[in-house]
Amino acid sequence: MRAILMGPPGAGKGTQAADLITRYQIPHISTGDMFRAAIKAGTALGMKAKEYMDAGSLVPDEVTIGIVAERLAEPDCSKGFLLDGFPRTVAQADALDKILTQLKMNLDGVINIEVPEAKLLERLTGRRICRQCGGTYHMVFNPPAAEAVCDKCGGELYQRSDDTLETAKNRLQVYNDQTQPLIDYYREKGLLKEINGDQDIAQVLQDIVDAMEHGHD
């Protein structure tokens with residue numbers, strides 16, 4: 001299976017990626033992991049990426065695309081792969097098409113996990129952390145017995161600044177603005193598999209497997 005995994009923050013991509021790579025015995029390729037591996041290996045492109053990252057700059061497309069090309073050419077990708085976090089733009093998607101053509105590979109599908117915005121915001125803003133012991137709770141999935149009090153030590157629970165409603169809304173807006181053209185691009189190519197992420201984890205996985213193996217959207 002050669003696939004791209006897409007979905008907004010809070011859609012549960014990480015959980016699905018872990019299950020898919022185990023099921024299909026394929027590598028999970030995320031841009032962050034690729035950059036780290038290329039830097040560790042000391043490749044020319046890895047060193048170039050490190051310069052930008054150390055300066056706090058975005059790594060330019062030609063470097064990112066070069067690192068992706070090197071990674072997909074490795075033997076463990078011959079039976080398939082799950083790309084996560086790449087491509088992010090239509091320009092990167094075009095470049096990926098060229099890479100796959102050179103490697104004589106076809107993309108089997110683009111999995112897009114969809115969850116209503118209200119649910120995403122609930123997931124993204126629900127986390128609470130204990131100031132004393134660092135214990136983590138979620139107001140929906142794993143709530144404390146008493147609101148704002150840690151079950152373990154009685155410490156005060158607080159919400160991190162990057163878990164606030166305003167921050168979460170901004171993250172979703174940035175994601176939607178950036179990826180909508182990409183979703184349209186893959187829909188036009190007939191590769192987009194739209195998956196309902198607002199159901200239990202096992203059902204989401206089953207829907208992905210059905211869509212990839214039987215071609216149902």
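Heads up, the Cβ atoms here are built off N, Cα and C, so glycines get one too.
Quick look at what Swiss-Prot lists:
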- Gly10, Ala11, Gly12, Lys13, Gly14, Thr15, Arg127, Thr136, Tyr137, Gln199: ATP binding site (BINDING)
- Thr31, Arg36, Ser57, Leu58, Val59, Gly85, Phe86, Pro87, Arg88, Gln92, Arg160, Arg171: AMP binding site (BINDING)
- Cys130, Cys133, Cys150, Cys153: Zn(2+) binding site (BINDING)
- 30-59: region 'NMP' (REGION)
- 126-163: region 'LID' (REGION)
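Shown here: features listed in Swiss-Prot, placed on the structure.
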{"residue": "Gly10", "record": "ATP binding site", "contacts (Cβ under 8 Å, 6+ apart)": "Val115, Lys119, Leu120, Leu121, Arg123, Leu124, Ala168, Leu172"}
{"residue": "Gly12", "record": "ATP binding site", "contacts (Cβ under 8 Å, 6+ apart)": "Ile113, Val115, Gly197, Ile201, Val204"}
{"residue": "Gly14", "record": "ATP binding site", "contacts (Cβ under 8 Å, 6+ apart)": "none"}
{"residue": "Val59", "record": "AMP binding site", "contacts (Cβ under 8 Å, 6+ apart)": "Phe35, Ala49, Tyr52, Met53"}
{"residue": "Arg127", "record": "ATP binding site", "contacts (Cβ under 8 Å, 6+ apart)": "Thr136, Tyr137, His138, Met139, Gln159, Arg160, Asp163"}
{"residue": "Cys130", "record": "Zn(2+) binding site", "contacts (Cβ under 8 Å, 6+ apart)": "Thr136, Tyr137, Cys150, Lys152, Cys153, Gly155, Glu156, Leu157"}
Cβ-Cβ neighbours of Ser57 (AMP binding site) (radius 10 Å): 9
Whole-number Å value for how far Cys133 (Zn(2+) binding site) lies from Thr31 (AMP binding site) (Cα to Cα): 33
Long-range Cβ environment of Arg88 (AMP binding site), under 8 Å and at least 6 residues apart: Gln178, Thr179, Leu182
Neighbour count (Cβ, 10 Å) for Cys133 (Zn(2+) binding site): 12
Structural state census, the region 'NMP' (30-59) (DSSP three-state): 22 helix, 1 strand, 7 coil
Cys133 (Zn(2+) binding site) to Phe86 (AMP binding site) - Cα separation in whole Å: 37
The region 'LID' (126-163), counted residue by residue under DSSP: helix, strand, coil: 3 helix, 13 strand, 22 coil
Nonlocal residues around Phe86 (AMP binding site), in sequence order (Cβ under 8 Å, 6 or more apart): Ile4, Ile29, Ser30, Thr31, Thr64, Val68, Gln92, Leu96
Most Cβ neighbours inside 10 Å, all chains, among the binding-site residues Cys150, Cys153: Cys150
